[in-house]
Amino acid sequence: MWSGLLPPGLNESDVELNSDDDTTLESSELNLQEGKEDGTFEKTEMVDIPTDGPSTEAEANINAYEECPSGIPLNMWNKFQELHKKHSEQKTSASRSEKKKRKRSRKGKLKNEEESHSEQSSSETQWKELTQYFGVNERFDPPVKRKKVEKSGLEKRIDQAVEEWNIEKAEELSNQLATRELGVKIAKAIACHNFVKAKKEAENSQVARKKKKLAWGFEAKKRWETKSNMGYM
């Protein structure tokens with residue numbers, strides 16, 4: 001406890017805090033002296049914890065790397081640093097170019113898929129348009145009884161393979177016959193489609209000509225009517 005008058009600006013609590021600090025300092029000094037005398041004093045290292053984390057470590061590594069080590073000429077060290085810098089720049093540029101290539105390849109794949117899809121849809125529409133003309137002219141063919149059917153050479157070969165029990169050859173020849181018949185059907189359908197298209201175009205052109213003639217005739221009739229009315233006036 002403090003006895004006596006206190007200086008201005010202080011109170012008893014401040015004096016007590018100061019006395020406590022003095023006692024802690026004295027006790028720490030005594031402990032240090034005792035440790036030195038006993039030989040049991042241990043050194044404690046203060047470890048600074050980095051506040052910025054890995055960025056400060058990277059900066060420290062860069063600074064340590066930029067320092068020229070002992071025993072190496074300065075010009076050689078500068079040349080080595082320039083080469084290292086160029087190598088790192090090449091790595092970054094290569095990584096960027098790889099990313100760009102990946103993006104381009106993805107765009108190219110999407111574009112190819114869209115083109116293939118559009119081509120497939122257009123081919124499907126054309127096929128549907130042709131299939132409606134399959135067998136259109138078959139009604140004009142003569143009946144089967146009156147029609148004299150002659151087998152082709154391929155059909156005769158199929159019959160021969162069946163008689164010889166050569167199933168593989170018969171299947172191969174039958175596939176060829178089916179593709180040939182399909183090709184004939186497609187050719188007939190294309191011819192029919194072209195004929196219908198040409199007929200529609202001719203009809204449309206004829207209708208357009210008639211419309212033009214009607215328009216000119218109406219105007220001439222109107223002029224004639226106006227002239228005749230003027231004659232009566």
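Positions of Cβ are set from backbone N, Cα and C atoms, glycine also.
If you look up Swiss-Prot, you'll see 144-164 marked as coiled coil. Swiss-Prot lists 13-24 with the feature compositional bias 'Acidic residues'. Taken from Swiss-Prot, the feature compositional bias 'Basic and acidic residues' applies to 34-46. According to Swiss-Prot, the compositional bias 'Basic residues' annotation covers 98-109. Per Swiss-Prot, the feature region 'Disordered' maps to 1-57, 79-127.
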Handout entry: Counts by DSSP class (helix H/G/I, strand E/B, coil) across the region 'Disordered' (79-127)
Key = 49 helix, 0 strand, 0 coil
Practice task
Pop the mean pLDDT for the coiled coil (144-164) in here, whole number is fine.
Solution key: 73
